[in-house]
Structure formats: C-alpha cells, structure tokens
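Record features, source TrEMBL:
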- 20-41: transmembrane segment (TRANSMEM)
- 53-76: transmembrane segment (TRANSMEM)
- 118-138: transmembrane segment (TRANSMEM)
Amino acid sequence: MSSDSDAWCLCGSRRLIIHILDAATIIIIVGLQGGILNFYLIKYYNESIAPYFYFLADLFTMIVFAGTLTTSYNYLTKKQAIDEKLKKKANFFTPARLIQEVEINLPWSHQRLGVMPFSYISWLVYVIIMLSKVVVIFESPGLIEHLSEKDKFGPNVLKLTIALASLVFLSLVEGHNWSKRGSARYSFVTSTCAKNGIEMF
C-alpha cells in the first residue's frame, strides 16, 4: 500500500513540474509575443497612448492562461483520484452507476460546459486579442511597407512573432492531456496537436 502511494506521489509531483513548465512556457511566449507586437504598434502610432493599453490585454491573457492551467491541474488530479477509486469499485457497480459516480465528483456540469471549458475560453481570449493586434498592424497604411529586413524588428521578426501562436497552442493542449502513452486518446490528441501546431507555424 505504501509503495503505491509513494509511486502516485512521485508521478503527481512529476506531473506538477511538467504542468508548471507548460504554464511558464505559455506565459513567457504570450508576454514576448505581446511585447513585440506592441512595439510595432507603438512605433507606428507614436503620438497615441492607445497601443499601450494592449499591455493590459496581454497581462489579462496571461492571467487567464495561468487560471486555466491551474483549473486543469486541479481537475485532472481529482479525475485521476476518482479513476483510482473506481478501479477498486468496478466489480461492484454497473457501468451506468460508474458514470454517475464520476459525474457527482466533477467540479462542474460537463454536459453544459464540457469537461474543461476554460481551455477553449482562454484560447478564444488569446486569439481575439492577438488577432486584433495583427489586423491593426496589417490594416495600418504604410506600417508593413516601411518595415525593412535590415531592421532588428523587420518583417521576418513579425512573421516569427505571429507564428509563436503555434507554441502556445501546443503547450495549452499538452497541459490538458494526461492520457496514458499508447492509448487511443493520447495518440489522437498528440497527433492532432502536432499537425495543427505545425500548420499554424
């Protein structure tokens, strides 16, 4: 019994470290990406204070992602504990009773909101804010035309900065995927994640 709990503790702490690294990766990328896009806007609209408000939007996005990954970690650890208990009770319950047992212990109604609703809500917030910046940059007359490849912040840096969205996507999906390696769900999520991430990049 103690060896099982020790193994679960080691696995849990390893997952916590990976989850923290996922969150740190997302926050660093969002901060870096937001700062560079803001630089382009501030440089072009240097007489206006409006572009500076995008820093608040970036901060809000980082807080939303941190909250999302905290919630997903809490959910996944609870779900794992429930699954462990249900493995022991599986012989005593019917399949319908097992499903009911899982639903009772979930923190919200997954029938209305989905299993982890904050994952797609945070992605939507991120995309809206980033897309608004990209639209303003490309719709501003003369901004793109005046970019030179000789400049440190030229067109290639702009392209690379926008492409960083793929790394945010990959890290967000990985932060919500605790399926066992080799399982159908794990293979589906990782292959979908990799394909979409590469296409975005």
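Placement of Cβ uses the backbone N, Cα and C atoms for every residue, glycine included.
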Against which stretches of its own chain does the transmembrane segment (118-138) lie, if we need a Cβ under 8 Å and a gap of at least six residues from its ends?
30, 33-34, 37-38, 40-41, 44, 54, 57-58, 60-61, 64-65, 67-68, 71-72, 144, 158, 162, 165, 168-169, 172, 176
What parts of the chain pack near the transmembrane segment (20-41), using Cβ distances under 8 Å and only residues at least 6 beyond its ends?
51-52, 54-55, 57-58, 61-62, 65-66, 69-70, 126, 129-130, 133-134, 136-137, 143, 153, 157-158, 161-162, 164-165, 167-168, 171-172, 174-175
